[in-house]
Amino acid sequence: MAPKEGEEGHSASKTETAEAEVAGKEAGDPEAGKAQAGGFHIDFPDGGLRSWLVVLGAMIVMGCSFGYLSAFGVYESYYLENQLSHKTSSEIAWIGSLQVFFQFASGLLSGSLFDKFGSRAVMVPAAIVYVFAVMMTSICKEYYQFILAQGLLGGVGVGFLFTPATASISHYFRERRGMAMGIATGGSSIGGVLFPIALRNAFYGHLGFGWGVRVMGFVMLALLAIACALIRERFPHRQGQMFQPRAFLQPSYTCMVGGVFLTMWGFFVPYFYLSEYALDEVHMSVSLAFYLLSIMNGVSFLGRMIPGIIADKLGRLNMLIVVDIITGAISFCLPQTHSHASLIVWTAFFGFFSGSIISLSPAAFAEINPRPQLIGTYMGQAMAVISIAGLTGSPIAGAILDNHGWESLSIFMGVVMIAGGACAAIGRFAYEPKLFAKI
């Protein structure tokens with residue numbers, strides 16, 4: 001099959017060389033692949049107009065997916081006062097948890113389909129489904145309707161957008177992959193700042209809930225049309241079986257999946273419960289408590305950029321381990337925030353370091369992936385496993401909060417995030433035992 005436009009003359013032999021090199025690495029001999037293939041390497045543009053347009057498209061997708069999901073706290077508060085006032089906050093949290101679950105679980109199919117058929121074949125139908133889900137949410141009245149529209153359909157639509165968008169970046173960047181991922185995932189920070197403010201003003205302003213959500217749907221329709229036009233894969237489509245179950249026989253991959261799973265158990269807790277903590281424990285005004293999510297997402301933009309640039313120098317997986325542990329340590333400090341200022345400072349620190357997790361995780365999976373044509377599949381299979389953490393993390397946190405209080409909740413967050421960093425560290429040393437290696 002001929003190389004895709006943008007490969008700039010890379011031959012099939014070079015692709016085979018890269019695969020052989022990584023195969024040698026997995027066998028414990030980094031030089032083995034070079035010898036088998038004559039010492040050539042596959043080249044990545046690591047820049048240029050085409051590459052940065054893909055990053056821009058992925059940035060838009062991240063804003064419409066993770067950024068929009070970050071605004072669920074606004075939805076939850078509105079539901080508690082209006083359509084779902086007869087439901088508990090824990091029950092309403094299941095809507096957001098299901099959306100996270102299906103977003104990640106869809107990666108099992110979307111990653112493989114991306115590798116086999118390309119980005120547009122996956123993303124265009126997904127964008128239509130996602131916008132349809134947003135529009136349907138605007139007319140929902142009953143709990144089960146929100147579960148189906150916002151939780152199930154919205155999650156699936158996002159999942160088939162998210163994995164191809166992030167996997168495409170790894171087709172164009174290697175040396176600057178951390179920075180490129182950081183810029184792209186910065187879209188979720190921008191969306192996480194704008195969507196909560198826009199939705200809150202719409203819900204409690206003259207637009208109301210129905211038209212407020214519909215306006216968001218029209219905005220996302222325009223943005224996703226641009227994203228689908230910009231994002232394009234670079235490597236030839238993969239042939240062969242749909243899934244790669246043998247990936248889980250690779251210790252570094254399995255430990256990485258386990259590490260991100262544990263981290264995601266605690267990652268989304270502040271996005272669901274921070275406003276509640278601010279209102280109940282710090283006695284913030286309603287308006288300031290809602291702005292905490294925007295502050296967290298705004299600071300996380302820097303958290304995705306700066307550690308990503310550093311990771312390109314020190315190693316993406318190395319940096320991911322560090323930010324996992326730091327974010328876990330910060331989580332333990334939440335019950336010690338008793339004033340407005342201290343909680344805002346905590347929010348900023350958590351936003352900065354947790355933001356790095358979103359940008360560095362895909363880059364780290366691409367780093368230990370044995371073949372460029374398998375990036376989407378490996379990433380998608382990992383996301384499918386991690387989806388269980390997305391589904392159960394917030395309800396577990398809610399149960400801990402209801403029965404044991406905020407201090408126990410912060411301990412849960414801190415322990416699972418540090419454990420995630422430790423698990424990722426085991427995977428890192430399984431891949432490369434040298435302490436100071438750039439991985």
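Yeah, the Cβs are placed from backbone N, Cα and C, and that goes for glycine too.
All annotation found in TrEMBL is predicted automatically rather than curated by experts.
Feature annotations, courtesy of TrEMBL:
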- 1-32: compositional bias 'Basic and acidic residues' (COMPBIAS)
- 51-439: domain 'Major facilitator superfamily (MFS) profile' (DOMAIN)
- 1-33: region 'Disordered' (REGION)
- 52-72: transmembrane segment (TRANSMEM)
- 92-114: transmembrane segment (TRANSMEM)
- 121-139: transmembrane segment (TRANSMEM)
- 145-167: transmembrane segment (TRANSMEM)
- 179-199: transmembrane segment (TRANSMEM)
- 211-231: transmembrane segment (TRANSMEM)
- 252-274: transmembrane segment (TRANSMEM)
- 286-305: transmembrane segment (TRANSMEM)
- 317-337: transmembrane segment (TRANSMEM)
- 343-366: transmembrane segment (TRANSMEM)
- 378-397: transmembrane segment (TRANSMEM)
- 409-431: transmembrane segment (TRANSMEM)
>> Need a quick answer: max count of Cβ pairs under 8 Å to the transmembrane segment (286-305), which of 92-114, 121-139, 179-199, 211-231, 317-337 is it?
In response: 179-199
>> If you average per-residue pLDDT over the domain 'Major facilitator superfamily (MFS) profile' (51-439), what number do you get?
In response: 89
> Looking at 52-72, 92-114, 317-337, 378-397, which one has the highest count of Cβ pairs under 8 angstroms to the transmembrane segment (179-199)?
Replying inline: 52-72
> Are the transmembrane segment (52-72) and the transmembrane segment (145-167) close, by which I mean at least 3 Cβ pairs under 8 Å that are 6+ residues apart in sequence?
Replying inline: yes
